[in-house]
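Step one of this worksheet: look at the structure below.
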Amino acid sequence: MRYLTAGESHGPQLTLIVEGLPSQLPFDKNKVDEQLSRRQKGYGRGRRMQIETDRVEILSGVRFGKTTGAPVALAIENKDWAKWVEVMSPEPDGEKAEKRRVSRPRPGHADLNGAIKYDHRDMRDVLERSSARETAARVAVGAVARLLLEECGIRVASHVVRIGSVEAKPSAEWRVEEIARVSEASPVRCLDPDAEKAMIQEIDQAKQDGDSLGGIVEVIVENVPVGLGSHVHWDRKLDARIAQAVVSINAFKGAEIGIGFEAGRLRGSQVHDEILWSEEEGFYRATNRLGGFEGGMTTGEPIVVRGVMKPIPTLYKPLKSVDIDSKESFAASIERSDNCAVPAAGVVAENVVAWEVARALVEQFSADTLQELVQAVQARREKAKGF
Ligand code: EPS
């Protein structure tokens, strides 16, 4: 399976095409819309989210509620476009656009590098596409992937483990359902109520100071069959693909699987998960420090992946930059932004991880139709259990 997204932050819509989905997959549009609406929430979001009500319009590949096997094309409207029709016009007419021309690159954004690379004297041509608005399209793609995962009994959830200086207490042994339920009820998507309060305070304080905050999110995928991905070639290692997917989210700077970077500090005996066997379960691990992966393949234990998001670079508190016309130094400031999008980014991370797991499933097993896929997944589960 593969997908493409297109669309600018203040253009008419985001467009996405998912190719390679099995046929006969029940396509519940409400479930896709539900993921989109989850992404719009979270303490620390800015005014733009009050303008948008993200929903997908199905343009192809679905008939009478099921996928046909043809590419699925979806669109998400940008309501804000109404105010940007002239500025974002595809016609060769520049007068109105001149007023919203961006000649001052914001530190931490794609503005300057993109302008030099693509030869844009108006950096709006960069920022419109580099905007995190695009993550709405990726959540829709992930939501489609989740329809497929659900049919295979695979569940995904996430929670926020850090915002700024506040870290949540480790949440030992929570199941995905519980993580999903508790994080959903939290305005910062955090499982630890004390940390939640402190995170909200820290977001308020940063806002007052004209500053922004980053954080860390954790995604958990449960009931994954053994042997997704492969040790035989670098670009088939599923943990590596997941890391790429997470780091490709706007403002993400790193990903770790299981205990991740902590593994560099510990001894082998403290890191590797011992292998056990029982009649009912077959092989399983005593612990899951390696986050569900050995040799780039799933072990059958939950996939656990964390991603770190830097503070949003669009700041009210000015940072030094240089105007590309006058070459004069100035203090970059902005009109409108989120000051913390970590809770929303958790939803994005969940959905990009869901996509990678679904892609690996379809690549791994015969999957022209949903029924073939479900049978093949079941057969793999039985094989692993009886091995
Ligand atoms: C973003 C800036 C803000 C955010 C936007 C990402 O948009 P605007 O420039 O319209 O105020 O609201 O995020 C979204 C639109 C979204 O859907 O998440 C940026 O510069 O990345």
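Here the Cβ of each residue, glycine as well, is placed from N, Cα and C on the backbone.
What TrEMBL annotates here:
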type    : residues                                                               : note
BINDING : R39, R45                                                               : NADP(+) binding site
BINDING : R129, S130, S131, N250, A251, G295, K310, P311, I312, P313, T314, R336 : FMN binding site
REGION  : 90-114                                                                 : region 'Disordered'
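Taking the features listed in TrEMBL, we show where each one sits on the structure.
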residue : record               : CB count, 10 Å
R39     : NADP(+) binding site : 27
R45     : NADP(+) binding site : 18
R129    : FMN binding site     : 18
S131    : FMN binding site     : 18
A251    : FMN binding site     : 20
K310    : FMN binding site     : 15
I312    : FMN binding site     : 25
T314    : FMN binding site     : 22
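Here I312 (FMN binding site) is positioned 11 angstrom away from R45 (NADP(+) binding site), judged by their C-alpha atoms. Taking CA atoms as the reference points, S131 (FMN binding site) and R39 (NADP(+) binding site) are 15 Å apart. A Cβ distance below 6 Å to any atom of ligand 1 is met, among the binding-site residues R39, R129, S131, A251, K310, I312, by S131. R39 (NADP(+) binding site) is 15 Å away from A251 (FMN binding site) when you measure Cα to Cα.
Across the fold, the C-alpha of T314 (FMN binding site) and the C-alpha of R39 (NADP(+) binding site) stand 19 Å from each other. Under the DSSP three-state reduction, S131 (FMN binding site) is assigned to coil, being neither helix nor strand.
Residues of the region 'Disordered' (90-114) grouped by DSSP class, helix first, strand second and coil last, total 9 helix, 0 strand, 16 coil. Those residues noted as binding FMN (R129, S130, S131, N250, A251, G295, K310, P311, I312, P313, T314, R336) have their most widely separated CA atoms at a distance of 45 Å.
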